[in-house]
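Working notes for the structure below.
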Amino acid sequence: MNITVLAVGTKMPRWVDEAVAEYAKRFGRDVAYALKEIKPEKRGAGVNAAQGMAAEEKRILEAIPQGAFLVVLDERGKAPTSVELAEHLKSWRQNGEHVCFVIGGADGMTDRLKQQARMMMRLSSLTLPHGMVRVFLTEQLYRAVSILHNHPYHRE
């Protein structure tokens with residue numbers, strides 16, 4: 001199964017990169033996992049949030065793998081349980097889907113990008129730092145895979 005995470009933002013703290021790498025290597029051969037950073041648009045004089053999100057949208061759309069099942073992370077999305085996420089992964093794998101998760105920038109993402117998604121998912125009702133979202137999402141994806149393999153990592 002192929003999973004791509006597109007995350008707006010670069011230059012994360014070392015602990016973020018290390019944590020994501022740790023969970024990514026745990027997937028093993030069953031999952032081809034890739035995290036791709038999308039350059040954020042600089043904010044400041046003459047660039048408002050809407051313009052910034054539009055520029056980031058263009059970069060995101062260019063980075064989405066051809067034919068991927070698009071899942072955007074958004075505070076208005078559905079928050080699945082770990083078991084429900086595992087069921088989604090199982091279905092996507094059975095359908096041969098390449099799944100692409102998108103983590104928006106500091107101002108979020110455009111409505112147009114959200115409308116193109118086949119699923120909107122919320123990780124938490126809390127506001128989380130972008131680096132933490134990368135770690136949290138990757139860990140939950142690993143947890144979902146471990147559930148599908150009856151691995152003892154996840155306990156009910």
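Glycine is treated like the rest: Cβ placed from N, Cα and C.
Fair warning: this is a prediction, and the values are worked out from it, not measured in the lab.
In Swiss-Prot, the S-adenosyl-L-methionine site is described by LEU73, LEU123, SER124, SER125, LEU126, THR127, LEU128, and among GLY52, GLY96, GLY104 the residue recorded at this site is GLY104. Looking at LEU73, LEU126, LEU128, the binding-site residues in this record, the fewest other C-beta atoms within 10 angstroms of the C-beta turn up around LEU126.
Around SER125 (S-adenosyl-L-methionine binding site), taking its Cβ as the centre, 7 other Cβ atoms fall within 10 Å, counting all chains. In the three-state DSSP scheme, GLY104 (S-adenosyl-L-methionine binding site) falls into the coil class. According to its DSSP assignment, SER125 (S-adenosyl-L-methionine binding site) is coil.
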